[in-house]
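Input: a single structure, listed below in structure tokens.
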Amino acid sequence: MNALAATNRNFRQAARILGLDSKLEKSLLIPFREIKVECTIPKDDGTLVSYIGFRVQHDNSRGPMKGGIRYHPEVDPDEVNALAQLMTWKTAVADIPYGGAKGGIGCTPKELSISELERLTRVFTQKIHDLIGVNTDVPAPDMGTNAQTMAWILDEYSKFHGYSPAVVTGKPTDLGGSLGREAATGRGVVYATEALLAEHGKSIKGLTFAIQGFGNVGSWAARLFHEKGGKHKETTGKLADFDGADAMDSNDLLTHECDVLVPCALGGVLNRENAGDVRAKFIVEAANHPTDPDADEILSKKGVVILPDIYANAGGVTVSYFEWVQNIQGFMWDEDKVNKELKRYMTKAFHNIKGMCQLQDCNLRMGAFTLGVNRVARATLLRGWEA
């Protein structure tokens, strides 16, 4: 089941549990706006080349829309729709005043020079500058983009609207980026795990963690679990020479003996083939959509507790919100304050999810979805959606 089908299914189940009006349910699923633009640039050799850029703005009932911009050859409209919708629920679960968006350009970044990437980013910004903004839609980096991409968008946008550092997040710190943003998703995963374990009378110290994927999220999570006394197994080709950890095949890692399994890489890694062999007691979804619905059912029956992605990896967007707040105030925080506020938000969100689980008698995934969907539905009704 792909990400869009799974997200829609979770949304519909949450809507059913909440008893939402069917017209409202339909309205919440349809994106607010979908943008598609042609971006033509001269390549370094002087030839012209065209790319398609797009932005899906899903919902703005709780605040400006928020979500990444990816540069990737297979930018699939369905997936982008799913990810934009997921951002709507994710920001609502974290209780930050945003709605969801997602976008990108269908290109292969490693085949473009730095100057070609810069030209492409600037043309894309020219085409969408009147549809994004500090109070409208605030992009961020995603696959194939980074802090430098955000710096170009900021510069191009500012030519039309005056200096506006809050128009994008994930910027270089020299241009108003926040301290702690780099480690934010991994750190949020650790705070989320602490809240979950505390609920079960446990703590990180002394438990074993299997971490699959060693990119930004996995490497920060591993480092921070280790600092807090967790023992871990981790996997990736690049880690074979790593001292103090065992190298193993990434699929073996998922079914390895451990207390907490943390998938930090791709979607769909836990499925009906391997779910029965998982030996972890807790799964913390640091990746987007790592557990497909079949695996969800098998694991629930086994009594495995799954902390859903929509909450577990919300540390990144939460610190993006802090960056936006700092830019609007023109007052930057020190890193300790960023981390302290992140912990407060992640802990509060966990207790809100648990409250929903008890109220609706459901698991953590449905607890998170009903919490997020309910907040968006309430905001929509209060603003007068039929007017």
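Using N, Cα and C of the backbone, Cβ positions are placed for all residues, glycine too.
Here TrEMBL flags K102 as active site, proton donor. Marked as substrate binding site by TrEMBL: K66, K90, S320. Residues annotated as NAD(+) binding site in TrEMBL: T185, N216. Annotation comment: TrEMBL describes D142 as site 'Important for catalysis'.
Within its own chain, D142 (site 'Important for catalysis') has G67, G68, I69, R70, K102, G104 as residues 6 or more apart in sequence whose C-beta sits under 8 angstroms from its own. The binding-site residues listed here are T185, N216, S320; among them, S320 has the most other Cβ atoms within 10 Å of its own Cβ. If you take the Cα of K66 (substrate binding site) and the Cα of N216 (NAD(+) binding site), they are about 20 angstrom apart, rounded to a whole number.
Take the mean position of the Cβ atoms of K66, K90, S320, the recorded substrate site; other residues of that chain with a Cβ within 8 Å of it are G67, M87, T91, A94, I96, Y98, G100, A140, A314, G316, V317, T318, Y321. Between the CA atoms of T185 (NAD(+) binding site) and S320 (substrate binding site) there is a gap of 10 Å, rounded to the nearest whole number. Spanning the residues K66, K90, S320 that the record associates with binding substrate, the maximal Cα-Cα distance equals 13 Å. In sequence order, G100, I310, Y311, A314, V317, G372 are the residues near K90 (substrate binding site), counting only same-chain partners six or more apart with C-beta under 8 A. Note: the CA-CA distance between S320 (substrate binding site) and N216 (NAD(+) binding site) rounds to 16 Å.
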